Amino acid sequence: MKKYILSLDQGTTSSRAILFNKKGEIVHSAQKEFTQHFPKPGWVEHNAQEIWGSILAVIATCLSEADVKPEQIAGIGITNQRETAVVWDKTTGKPIYNAIVWQSRQTAEICDELKEKGYGEMVREKTGLLIDAYFSGTKVKWILDNVEGAREKAENGDLLFGTIDTWLVWKLSGGKAHVTDYSNASRTLMFNIHDLQWDDELLDMLTVPKSMLPEVRPSSEVYGETIDYHFFGQNVPIAGVAGDQQAALFGQACFGEGMAKNTYGTGCFMLMNTGEKAVASEHGLLTTIAWGIDGKVNYALEGSIFVAGSAIQWLRDGMRMFKDASESEVYASRVESTDGVYVVPAFVGLGTPYWDSEVRGAMFGVTRGTTKEHFIRATLESLAYQTKDVLCAMEADSGIELKTLRVDGGAVKNNFLMKFQSDILDVPVERPVINETTALGAAYLAGLAVGYWKNQDEIKEQWHMDKRFEPTMEAETSEELYAGWKKAIEATKAFK
């Protein structure tokens with residue numbers, strides 16, 4: 001009987017189930033979107049029960065459409081939108097409030113208070129993160145402080161907390177496994193990434209009882225099995241878990257120290273594997289856990305760019321410059337350069353390395369001769385410049401010079417952007433055959449745990465390149481262009 005690995009990719013706007021075979025190829029996939037809730041400006045929430053329902057739906061659709069029987073699944077891997085926090089009742093299994101999403105700013109005031117109390121340095125040292133509404137810890141505190149009776153129940157040990165991976169493993173296992181992996185734990189603001197424990201000092205700071213927290217386990221391990229009721233009568237091992245960006249790093253086979261990937265989605269997330277050492281950042285990067293496997297923990301440096309693919313959507317929907325995102329490449333290629341135009345797409349502030357939430361988008365260098373083509377090209381180029389900002393920070397922090405950059409995500413189909421990215425970085429850019437690297441990473445982690453794949457060397461062999469973009473731009477030209485970008489950033493920051 002042919003066996004497969006089922007990867008569950010629980011994202012910010014949709015849930016997907018993807019079946020992979022022994023060669024790491026996609027056999028079939030199913031996707032279902034779910035509701036976004038915006039109760040107040042800047043707040044973003046999800047219904048955790050609806051997410052669970054969407055997961056069950058995509059599993060059923062994927063297996064039936066692929067004509068694969070449940071007993072053909074060798075293991076399940078889970079990858080998830082990180083930081084999003086769920087708190088539920090241990091007895092009823094029902095969430096006591098909506099899941100507060102990573103994008104949500106509803107805990108900004110809590111963060112300001114913690115910063116004012118001088119906790120910033122301690123948090124940075126222990127977690128590798130900044131005090132920010134982005135991470136799970138303040139979201140849990142907010143739920144306990146704002147939902148009636150929640151704090152008392154939590155103190156009595158009646159509530160459980162989890163990021164989305166934890167919630168799904170708990171549901172699939174029928175409440176038997178309350179676990180998370182190192183990569184997800186490292187995004188909570190409650191986990192010490194050096195001694196690999198929930199940290200009492202951090203928990204006291206956030207007033208979160210330890211009894212709520214899941215057990216932290218390696219990213220590739222059997223955590224439990226599906227209960228018959230949720231998996232068509234089968235007990236399938238749930239065997240791999242990693243946060244979405246870390247899963248993509250694993251799916252890109254970036255196993256060596258100094259290897260890096262950049263995911264071009266709504267935003268961009270660039271991760272560099274720093275091996276078994278946690279590199280503290282002096283340049284606005286986050287230090288995070290990549291994965292834990294075979295008794296070892298790998299660390300990574302991470303840079304976040306808030307606006308990437310969403311800038312292309314803005315050109316399409318907001319500015320109505322084209323009907324399909326793929327047309328952006330055609331327009332951008334019609335002109336030799338932007339003619340000195342720079343677009344800084346700081347629609348929601350700037351991420352790494354600036355961390356400035358007050359700035360807004362801007363455009364510079366416009367003349368009477370500026371056309372739609374120049375404008376589109378400048379917007380695409382901004383993605384490459386922002387990536388260079390992150391890479392410069394990574395090389396400065398790690399002391400490692402990047403040899404090649406592996407890329408994935410929706411915008412990598414844009415050949416113009418990938419070539420310009422290579423030119424601006426002066427580094428080859430490699431696009432893989434399989435772009436679904438996040439789901440693939442979770443599948444690999446699960447497959448290794450159940451012996452479906454032997455080891456990481458076997459996985460490395462499966463990574464195949466679709467196209468390699470080599471830098472051909474003169475160093476002087478790329479330096480000049482990048483200097484113009486830095487000037488545009490400074491001018492943008494001055495206008496508030």
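Using the three backbone atoms N, Cα and C, a Cβ is placed for every residue, glycine included.
Checking the candidates Tyr119, Tyr134, Tyr223 against Swiss-Prot: the one annotated together with Arg82, Glu83, Asp244, Gln245 at the glycerol site is Tyr134. Within Thr266, Thr352, Thr370, Thr371, the residue that Swiss-Prot lists together with Thr12, Thr13, Ser14, Gly309, Gln313, Gly410 for binding ATP is Thr266. Between Arg16 (ADP binding site) and His230 (phosphohistidine), the C-alpha separation comes to 16 Å. Annotated pair Thr12 (sn-glycerol 3-phosphate binding site) and Gly410 (ADP binding site), C-alpha to C-alpha distance, rounded: 15 Å. For Thr266 (ADP binding site), the nearest of the recorded positions by C-alpha distance turns out to be Thr13; the candidates were Thr13, Arg82, His230, Asp244. Of all the recorded positions in the list Ser14, His230, Gly309, Gln313, Asn414, the shortest Cα-Cα distance to Arg82 (sn-glycerol 3-phosphate binding site) is found for Ser14. Reduced to three states, the DSSP call for Gln313 (ATP binding site) is helix.
Cβ crowding, taken as the number of other Cβ atoms within 10 Å, peaks at Thr12 among the binding-site residues Thr12, Thr13.
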